[in-house]
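Chemist: Per TrEMBL, the features are:
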- 559-571: compositional bias 'Low complexity' (COMPBIAS)
- 360-476: domain 'FAD-binding FR-type' (DOMAIN)
- 92-112: region 'Disordered' (REGION)
- 556-579: region 'Disordered' (REGION)
- 63-84: transmembrane segment (TRANSMEM)
- 150-171: transmembrane segment (TRANSMEM)
- 230-252: transmembrane segment (TRANSMEM)
- 272-294: transmembrane segment (TRANSMEM)
Amino acid sequence: MSPDAASLAANSVVGNVARHIQDHAAAESTVPHWGYASRVVPCVNDPGSCAYLDIVYGSHDTGMVYTGILWLTFAGIIFAWAVMRRVGRPGSSSTSTVTVNDNETQVPVPAGRGGLHKARESLAAFKRRFFLPDAVRVIFGRTTRFQVSVLAALTGYLTIWSFAGITYNTWITPVSDMPGVYNTRTSLGPWSNRVGVLAYALTPLSVMLSNRESILSLLLGVPYQSFNFLHRWVGYIIFAQSWLHTIGWCVIQLRLYQPQPSVGAKWIKEEYMIWGLVAMILLTMLFLLSTPWGIRLTGYETFRKLHYVLAMVYIGACWAHWEPLKCFMIPSLIFWFLDRGARFVRTAFLHYQRLPSGNMGFRPAQAEVKIFPDPERGDVVRLELENDQDPWAIGKHFYLCFTELSIWQSHPFTPLDAPIVRNGKVKHTYLLRAKGGETKKLAEVANRKLAAVAKPTSPITTPVILTGPYGEESMADVTANTNIICVAGGTGITYVLPVLLELSRQPVVRHRRVELIWAMRHANNTAWVQEELDVLHKVQKALNLKVRLFATRDVGSKTPSVSETETNTPTNEKKQSTAVKEVGSATSSSEDVICDCDDSVPVRKTGGAVVDVDRHPDLAKLIPAFVGATTAGPTTVFASGPGGMISDLRSIVASCNSASKVWAGEERYNVQLVCDDRLEW
């Protein structure tokens, strides 16, 4: 490289060290270093500065190797996980004879339990026992111990790479042409560079963890929303590393280098430093807005849009701050744009259909809207639509964009249907709680349309654009001998109903236990899903289905109990009399109530409890009792509802697992929790 070219390269780089110590214009030759300014050789500085430069360049080169090892470690873990999730699963072809509807038939019940399968299930039970409950909720929110353990391992790994491979020393070197003035050069410079490089290296990982069209989900089978916790905390780590990098160089340039204040004043005005300050301001804004307090202050939609814009500008500022490390910025941008492009393609596939004119084109789905007034917590909106598409797997959700309101917003909702293709179309049904934002606007639009129609029974519609499906296949591990208990709070019923509706379409195994526990505020909330409850009523006995419904804000009256009413009431009047069972607290909720699921649904009115916690189902008793009553097979708990309920269930399910008993062949102690965990706080 010529001296002029070397000088030009040095001036285009953030050469904190190279710019201020080395004279590229007078260099005989230079040696390139990936991600840093080229080094002048031979070194013509004083011996102390030359020794310092040896440490600077040596630690930087080592740091770049460490970033390669870091990403190879990530790739190795992902590869091993992807292989293991496909090894040891029970084969779908093994069958055994069981009684179905009083007949002998063959259903896919795993017949043999090999050592690999037992080891896999025992390990899973061990992991749930110790890593499923929430961890330090005040810091990490409603996050499992497993995810916090992964974060701790990553943090420890990065801490090692932050300090390893650096020689720590101090050099006192003379300032050129200034007798008696000395610079203090320390290993703080190489260390500050190291943490800065690691912050750059983590940026593509942070973007990958945020993608809805997640490559990680495809490989690992983990839904994209499960990566949100790591995405946020990797961002916090980048924020901490960047501040340490900034503080380190401020100490060097404003304190250790002489003469002051001229050195500091000149340094702060350089272009690379200006872009560094811009990047830090943007990163600080990203950090503050991503905290729970920041999201509550701005609102989720404002946070989301600002997050996108600030993140893209931040990546650009990082590129301008240290151009040789663009090797980490380019993949970050690629991952982001691939995610957006894939979303667009998904939406196009769902809505590119034959138009009424006969031509092919993009057409939103027309959703019929029903309103269930609720002045206390916001109306509930039921949307029903049909779309020409393939059926989705149970547990998946879609993002809905209401074009009458805004084309720039979409929100995730779980369809409560079991996806069935009829006449080339699949029905979608959604429940939306109109608390605020777009859902409240949708309810207001629907109410205005209802007020304008001539007949109150006339259907009203709204155009909807779908994107999806996303999320996990919640029934992927459910076999014919899996016992199932579904727990829902409020509109969380949409997550568990598809499981029961799907079971109603499958062969039934007598020994399987199936149960639904639904806590709602008022008994009339059952009207939201009356159609689906009627379907379950028809297959209730065949499914061995037990239904427990709780109205947590309705107060029971002094009317006779169910047992008393059944004793004194003629048989043909029993159904109507048992429509409601009133209890004072959840302590009696372990009693069995079988759902008639007719025009009226039996609901326990627990609003009269003295203590608020007694209004709700006593899950700490109901779940273990259900597991203890199973005769064969593992249990899967499907759940969706308030964060407190999910946290409680994690602890309860964890206590039901026992690795030693699963290894001994007692599968009832293999209890899995499948929950809608899209919210962490």
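Glycine is treated like the rest: Cβ placed from N, Cα and C.
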Chemist: Give the nonlocal contacts of the transmembrane segment (150-171) in its own chain as ranges (CB under 8 Å, at least six residues past its ends).
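Modeler: Apart from its flanks, the transmembrane segment (150-171) reaches 48-49, 51-52, 55, 58-59, 62-63, 66, 69-70, 73, 184-187, 190-191, 194-195, 198, 202, 229-230, 233-234, 237, 241.
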Chemist: Take the domain 'FAD-binding FR-type' (360-476) and count its residues per DSSP category (helix H/G/I, strand E/B, coil), listing them in that order.
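Modeler: The breakdown for the domain 'FAD-binding FR-type' (360-476) reads 16 helix, 50 strand, 51 coil.
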Chemist: Looking at the domain 'FAD-binding FR-type' (360-476) alone, can you tell me the average pLDDT?
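Modeler: The average pLDDT of the model in the domain 'FAD-binding FR-type' (360-476) works out to 91.
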